[in-house]
Amino acid sequence: MWKPALRSFLRTPAFTASAILALALGVGSATAVFSVVDRILIRSLPYADEQQLVWLGMGTPLAEEEFLLGPDYLDWRDQQTVFSAITSSSMVGDCDLFENNPARLRCGRVESNFLATLGVTPLLGRDLTREDDRPGVAPNALISYQMWRGRFGSDPAVLGRTLNLDGRPTRIAGVLPANFEYPNLAQVDILLPQQLDAAVQRARDRMALLVVFGRMKPGLTLPQARAGLLPLYQQSLKLVPAQFRKEISLKLSGLRDRQSRDARLAAQLITGAVFCVLLIACANVANLLLARASGQTQERAVRAALGATRWQLVRESLTGTLLLASAGGVAGVGLAWWLLHLLRSLAPEGIARLREAQIDWRVAVFAVLLTLAAGLLSGLAPALIRVSLEDLSGTRATERRGLWLKPMLVTSQFAITVVLLSGAGLLLHSLWKLQNVPLGFQGGHVLTAALRVDAQHALEAQQRLRRLPGVSQVALADSVPPSGRTQAMIYSRIQLEGEPPETRQGTGGMVVYRWVTPDYFPALGIPLLRGRGFQAQDKDAVVLSSSLAARLFGKQDPLGRRLRAGLDNPWLTVIGIAGEVRNAPPGQKQDSEYYLQRPEVIPGAPRRWIAVIRGALPAASMTALVRGEMLAMDPHLPVEVAAMEDKVSGLYQRPRFQTLVLTVFALVGILLASIGLYAVVSFFVNQRTREIGVRLCLGATPSGIVSLVLGRALGWTVAGAILGLGLSLASARYLQGLLFQTESRSPWIYASVIALLVAVGMAAALQPGLQAAKLEPMSALRRD
């Protein structure tokens, strides 16, 4: 039965190619996106019995992640009854490997039962033990599979090797499996024992900030686990100062839900967009098949007259459509493979598991099912068109049966396209707003070099860097914007001289502070609005950001006033007010900050420093000079050099990626919709050839014929635009979480989308309209 259909398609290559291309775009886009969504939201996590794993702690507006303080964790661990295992981690941070090939790595400090709680077994060697976790013992470590392959060439003899990690001899005890994921999805090269000192923690002197994970007992639900932890939470809450308690809550989430929290909205957005593209593609193919079926009405009527049942005609039509869909599906899988590689290459760092997405058997099965569904959806309406004995005449009157369906499909295509274009327009406007937010510093011609050295070597590095050609300023700091690791304290702990201590209600949020050298402000181009910056002889001085100064002193003059950050710290004199600097990406909560002068002698080593280098040479040349100078100072020193402009660009990578993907899908949608409109208008002209001939004979001008055709196309386009506008307004609220300083119902964006749609619709209909205007009246009247 498929051979006649194949021969028929081969006789009409233009029709066949158009249908296959539309289906390939729809199926390919959907398959590529499904492979990503499957990896992020659906596929099993690399942990045993993942549904039992939870992320728990105390939530507060002061921190992005829920946490427990060390003494609270010890109490919860010893007294809880809802978990079969509970474990903790002291966050993930930078660590430096001091060897012949030095490197800055990412290290996580974990409790010895960390892997056991997750249900993970090392690929090689052994797990951490309680002995490893005792405070003060020589550390053993687990290295990642990627580090084992990349740095050690998959050598099994790596077990027992000693590394110089942060200046401490660290022995490799094991290798993590290839699919190991840190529960918060942070990149981790090495796991080290936490070595939490219970006595120190219970004394509440130097309390650790811990991220906590638990494995619920079999049969227990999240609400039951929460109820079981509530007494422990209330017990811990009593130890919190009374004015802070209202800002704290108990947080308990399934690990998968917690991991996908940031990516879920974007994944749902892209899934919705690709579903729209698929619907447009199916409507496009359905229109092509309807036009084809109209031309085959007489043939189908003859077959019906010779005894073919309606079911036989429907089955034959659907067989041909599924054959067409199969070709589109095969092409779509090839397109999906290419699109997936493109998505992975364009995607920013930090999108959970995107790099692991691939076309495997699960995705292939999805593509097959989607191809069948697309074929049935596209071919059902043409297949169900009834034929009768009247159709044996082969007149155009009989070919107009079902003509109403073609404009309806075009209208629906344009309606869906409006939804896509509106979403893309909102995200484009939001991205433009993001990229035009002042950051408060000048990042051009600035490099940063992250070092881990003692104070003496830090000053030596500063002097060496100052002597490099083209360098105008070199400063040292413990952190730099944007989104750099910063130190912070609670606003309410800041006390003004003459003010009673800790009289403010609530925490007041967090205040960032940095240790800097005198050249910091000119090196980053941060303006000093009042007063001055640091000088070498300054002692116990502080520079405030303008927002912090306004918050602390109101309209009073802050210069010369004294404050202290905590009751145990010295009084500081305000010497200057600096401009606002953005520490977090635009769109996220921004904290005020203050600056302290970094002392030249800091007890203990090594310490982290960031050198800020302003120069006149191109970034690539400066990077090579800086790296070379630091290696000349110490060939075993890990140095991480980055251009400040690259850091700033990184702030916008995720919104830029989301905007790009939705914009591409919107462009594909409008392309398919315009092709569909062109086909329907051409069919409209063909069906009314005699009518147009009559109009021309009665005095209609060519411009009048063009207006007739364009008017019909305009009606379909406007109907689609109105329907799409309603759908866009109804769905706009789902986009609000991705927008920055952009109203999800912005009138001018919707007006622009409709104007664009009308322009595209008129352009698509113009050629058939001009063709109709060129018809010879007598030739048109002689056509059947």
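Any Cβ shown, glycine's included, is placed from N, Cα and C.
Curation does not apply to TrEMBL; its annotations are automatic.
According to TrEMBL, the features are:
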DOMAIN    16-228  domain 'MacB-like periplasmic core'
DOMAIN    273-385  domain 'ABC3 transporter permease C-terminal'
DOMAIN    503-596  domain 'MacB-like periplasmic core'
DOMAIN    664-777  domain 'ABC3 transporter permease C-terminal'
TRANSMEM  265-290  transmembrane segment
TRANSMEM  322-343  transmembrane segment
TRANSMEM  363-387  transmembrane segment
TRANSMEM  408-432  transmembrane segment
TRANSMEM  660-685  transmembrane segment
TRANSMEM  716-735  transmembrane segment
TRANSMEM  747-766  transmembrane segment
Which bits of the chain, at least 6 residues beyond where the transmembrane segment (408-432) starts or stops, bring a Cβ under 8 A of a Cβ in it?
269, 273, 276-277, 279-280, 283-284, 286-287, 290, 652, 655-656, 658-659, 662-663, 665-666, 669-670, 672-673, 676-677, 680, 716-717, 719-721, 723-725, 727-728, 731-732, 735, 738-742, 744, 746, 749-750, 752-754, 756-757, 761
Looking only at the domain 'ABC3 transporter permease C-terminal' (273-385), mean pLDDT returns 78
Residues from the same chain, set at least six apart from the ends of the transmembrane segment (265-290), whose C-beta lies under 8 A from its own
15, 18-19, 22-23, 25-27, 29-30, 32-34, 36-37, 40-41, 321, 324, 328, 351, 370, 374, 377-379, 381-382, 385, 402, 405-406, 409-410, 412-413, 416-417, 419-420, 423, 654, 658, 661-662, 665-666, 668-669, 672-673, 675-676, 679-680, 731, 734-735, 737-738
With DSSP, how much of the domain 'MacB-like periplasmic core' (503-596) is helix, how much strand and how much coil, in residues?
13 helix, 31 strand, 50 coil
Grouping DSSP H, G, I as helix and E, B as strand, the residues of the domain 'ABC3 transporter permease C-terminal' (664-777) number 98 helix, 0 strand, 16 coil
